Amino acid sequence: MKTIGVLTSGGDAPGMNAAIRAVVRSAIYHECKVYGILRGYEGLVNAKLKEMNLSSVADIIHRGGTILQTARCEDFKTEAGRKKALNVLEVFNIDGVIVIGGDGSMTGAVKLNEMGIPAIGIPGTIDNDLAYTDYTIGFDTAINTVVEAISKIRDTSSSHGRVNIVEVMGRHCGDIALYCGLAGGAESIVIPEIPHNIDEICRKIIRGKNRGKLHSLILLAEGAGNAMELAKIIEEKTSMETRATILGHIQRGGSPTATDRILASKLGARAVELLLGGKSNRAVGIKCNAIVDVDMKEALTIEKTLDMDTYNLASILSI
Ligand code: ADP
């Protein structure tokens, strides 16, 4: 293995830069040449690459976003697009590729392996929706951003005696809502994995009000419903003023937390070690605090399940 390529793909996540830095610096340490592929698979199909050196990744460990930029590339999903990518890899003499992204990006990396290009996947997504790893890069930063926002919403919510619904990202996965609900002391957590009972949510709000609670907070995952509609129903049923806040893309930005930087650094270094050790089709991750690597194709078939202990605990503590 003499030359490797690295790309970030799909939705961006804080900590992707720290992962790029780890890949580039580890590869150079092991005397490899590294190309940064721009805008995910788009750069691979259209030959948009730049050679990276130690300075290309200086001063980025603390920055959100990705210096390589990211994109969604429909071309790479086609046979013809992937042939173009293969040709580009040959022209640049790239022997292996490290893909930083979510499940879609890793599916693309599996295709690279099937075309004979060793590829390793690093989980970079705020959603934490990859079952083979306990955490993905960006999740910790995102939940800290949400918890900070919740604290601010709480202040104004209690001044006015309102119910507040905070809608967070996560696509089909409720992890952001669940963890932030627990950390933010939410009365109810509405997530796609568990059917919700609107009457029970309202009863809890009323119980809290009768006990002298100044406000109520509901964490809603984007995949579980619409914040505006839920606010309307709750207002009708409880007669309490109810507001909805959709946090949106603020959750994808910002300086990565120390936890995300450390995870990204470890995963980036492991990905390079695997490629240099002749491995392919591996996805790196963290399980029970240890860095692991697993078969990438198999990893993508594991169904993500909800952490029921955390869910039950949040329910008990918000009684
Ligand atoms: P994420 O990686 O955040 O889940 P997407 O699902 O949008 O994001 O996937 C990112 C990119 O990965 C896609 O735009 C495409 O270039 C590539 N990709 C996704 N699925 C496939 C597939 N089945 N075959 C080849 N490439 C894919």
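The count begins at 1 with the first shown residue.
Every residue gets a Cβ built from N, Cα and C, even glycine.
All annotation found in TrEMBL is predicted automatically rather than curated by experts.
Remember, it's a predicted structure, so these values are computed and weren't measured experimentally.
Asp127 (active site, proton acceptor) is surrounded by 27 other CB atoms, counting those within 10 A of its CB over all protein chains shown. Annotation comment: TrEMBL describes Asp127 as active site, proton acceptor.
Taking the Cβ of Cys73 (ATP binding site) as reference, residues of its chain lying under 8 Å away and at least six apart in sequence are, in sequence order, Ser9, Arg39, Gly40, Tyr41, Glu42, Val45, Gly81. Sequence annotations record features per position, and here TrEMBL assigns ATP binding site to Gly11, Arg72, Cys73, Gly102, Asp103, Gly104, Ser105.
Secondary structure from DSSP puts Val23 (ADP binding site) in a helix. Residues or ranges marked as ADP binding site in TrEMBL: Arg21, Ala22, Val23, Val24, Arg25, Arg154, Gly185, Ala186, Glu187, Arg211, Lys213, Leu214, His215.
Positions annotated as Mg(2+) binding site by TrEMBL: Asp103. All protein chains shown were included, and the count of other CB atoms within 10 Å of the CB of Asp103 (ATP binding site) stands at 21.
Its Cβ taken as reference, Arg171 (substrate binding site) is surrounded by 17 other Cβ atoms within 10 Å in the chains shown. DSSP gives Arg171 (substrate binding site) a coil state; it is part of no helix or strand. Residues or ranges marked as substrate binding site in TrEMBL: Thr125, Ile126, Asp127, Arg162, Met169, Gly170, Arg171, Glu222, Arg243, His249, Ile250, Gln251, Arg252.
For 4-275, the entry in TrEMBL reads domain 'Phosphofructokinase'.
Annotation: Gly102 carries the greatest number of neighbouring Cβ atoms among the binding-site residues Gly102, Gly185 [cut-off 10 Å, Cβ to Cβ].
Among the binding-site residues Asp103, Arg171, Gly185, Arg243, residues whose Cβ is positioned under 6 Å from ligand 1 are identified as Asp103. With the fewest other C-beta atoms within 10 Å around its C-beta, Lys213 stands out among the binding-site residues Arg21, Lys213, His215, Arg243. Within the set of recorded positions Ser105, Asp127, Met169, Ile250, the entry lying nearest in space to Gly185 (ADP binding site) is Met169 (CA atoms).
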